[in-house]
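What TrEMBL says about this one:
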TRANSMEM  7-25  transmembrane segment
TRANSMEM  74-93  transmembrane segment
TRANSMEM  100-121  transmembrane segment
TRANSMEM  141-164  transmembrane segment
TRANSMEM  185-211  transmembrane segment
TRANSMEM  231-251  transmembrane segment
TRANSMEM  301-323  transmembrane segment
TRANSMEM  343-362  transmembrane segment
TRANSMEM  374-394  transmembrane segment
Amino acid sequence: MARKLEMWQLSYIIFPAFVLLHLYTAPYTKVEESFNMQATHDILTYGVPTEHVYLRLKAQYDHMTFAGAVPRTFVGSLVLAAFARPFVWYGALNGEQQQFLVRALLGLFNAAALVSYAAGVRRAYGRVAAEWYMWLQASQFHILFYSSRTLPNMFAFGISTIALRFFLPDPASSTAKIKRTRLALYLLTLPTVIFRSELALLLGAQCIYILLKSGSVANAAALVRTTLVPAILAATVVGLVLTVSIDTFFWQSRTLQWPEMAGFLSNVFPTKGNLGASAWGTSPWHWYFTSAIPRMLINPLLLLLIPWGLTATALAPSLFDLLIPPLAYTAVYSLLPHKETRFLFPIIPPLTASLALIASYTTIRMGRSIIYKLMTFSLLTTTLISTYISHGLLLPLSAQTYPGGTALSSLHALSLNYRPQPQIRVHVTNLALQTGVTHFLDIPSSVLHDRPLFVLPGSADGRKPTIAPKARSKWIYDKSDNETEFLMPAFWAHFDYVIVEDPSCVIGAWDVVDKVFGLGKPSVLAPDVGRGLLVLGPKEKRREDDGLSRLLASMYGHAGKWVYGVLHDILREGYGIDRILGSTGRDWSLTRGWWLHWALEPKLFILKRPEGGIRPS
């Protein structure tokens, strides 16, 4: 008899669907993702050279020109390109489609890891806990948004999540438990060696916790000898063989390369005069606990329930198993001054599982007390609100922060409106490079226009004569950042188009053919700023669309703008309230005139050399 499907198994659909939704809504990348994205592009486009290796890598691979401060690993990019290549061959995909495919493959792997963890929660804590885990994980923003992004953190995330799944309790024999622990340690060590060295802290926390729970010194010694050392040592050897062999080859180094160790030493133990990771900013020691974790878990009610859950006898042992290693990892990691939200991604599944366990406890006991009913209803309500905030608010807002990718795609489309040229040279400035420009978006060395270079009149059917050749334009992209060159007219004279933050910095005669908008910074409007006009009121009282109105229109269309207009006109201007309460000359603004300003602002300009402008050959 077939087993009945359970609600938590919707995670097989929900997690991949949300990952792909985030990818579709925000398809471009940021500078943090660029190394792995460019490396994947180069492997897909040029293959792995077997002859004249150094010369081919030097001529074709991006990292040989833009190496960065420390080497980074090619292992993730190589695996990703290997899985993407059959689809690229079969589908004849263009660059943008290839980038979407590459990110989708990584995102689906991470979604599969989350599904695996949900299955582990089902076996460990039951059906209701697994259902709550699915809904809570799906209501969060960060993991789903970043799952398809080619950060080293996300190459490591799927493997570490599967590893943490095997640390969950399982109704199995003691022999099977030892095998699961050994596999978990192996899988957690592998990404530590290859992708993210800070996972060693989580690995250490898990090992210490296992030993503390072993019951005796003799049992702990046996675990070290039979489980911990063999698993960690084997994974370290395998990881080193992979990363050292692959990265020494791609970096063409005369010495053996272990990029993750080089990055660890550079960031944590910088040389004299070098700030290491602190150069990117520092945060107070409590930032992970007071800012990062609450923002990632997004539901404040659940965080408030953790202390209560730890007092419940039935919950406390399982909660300690789930919480102590991740929180120990966070506490030790907090000693480093440089902090980023993504450094905590590995601990989100177990933290979410602990919240799911508390939620399942209240749900199962709803029939016992009105208190449990109210708690469960509150959890359901706040989870729905969190889901909207994550996918209906944060996602469309985040999609507005990639002007570089939008600008390059816009330029390629605009170029078809102008006379074709044999060669098109484009200069791309820093902001564009940091917010979406990748080699996947480049037009290959030649692109076919739909119009001929010249048209001979008089074809019988009125169509373009077949003897008119179509234009093939060779696109050349420049991303130099030499500020001294920017002051020389000869530098700008070589380009047909420029993507730039400030048109006034470009020397010469140029036409602005497009503006690309991005999300600006929010600010608070005082009562004396912008008062007295309505968004949706009578025409004679209506203002031009304000920034927030345009922003919401870009996110939700006309409906979003209309809802905003209703709220603005009633809350800030008090429109209609005076008719209800009487026109006494009083200002009926429910916000006392205060209001939020948040707008899309011009971030990049696309400049074109005027027709007939001179460019040196």
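Cβ atoms here come from the backbone N, Cα and C positions, even for glycine.
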Recorded stretches the transmembrane segment (301-323) and the transmembrane segment (343-362) touching, at least 3 CB pairs under 8 Å: yes
Top Cβ-contact partner of the transmembrane segment (231-251) among 74-93, 100-121, 185-211, 343-362, 374-394 (pairs under 8 Å): 185-211
Interface present between the transmembrane segment (374-394) and the transmembrane segment (74-93) (three or more C-beta pairs under 8 A): no
Residues of the parent chain within Cβ reach of the transmembrane segment (343-362), under 8 Å, 6 or more residues beyond its termini: 114, 117, 121, 125-126, 128-133, 136-137, 140, 142-143, 146, 153-154, 156-157, 160-161, 164-165, 168, 196, 198-199, 202, 288, 292-293, 296-297, 299, 302-303, 305-306, 308-309, 312, 314-315, 318-319, 322-323, 325-326, 329-330, 333, 372, 375-376, 379
Contact call for the transmembrane segment (100-121) against the transmembrane segment (185-211), three or more Cβ pairs under 8 Å: no
Residues of the parent chain within Cβ reach of the transmembrane segment (185-211), under 8 Å, 6 or more residues beyond its termini: 73, 75-76, 152-153, 155-156, 159-160, 162-164, 166-167, 220, 223-224, 227-228, 231-232, 234-236, 238-240, 242-243, 260-261, 263-264, 321, 324-326, 328-329, 332-333, 343, 346-347
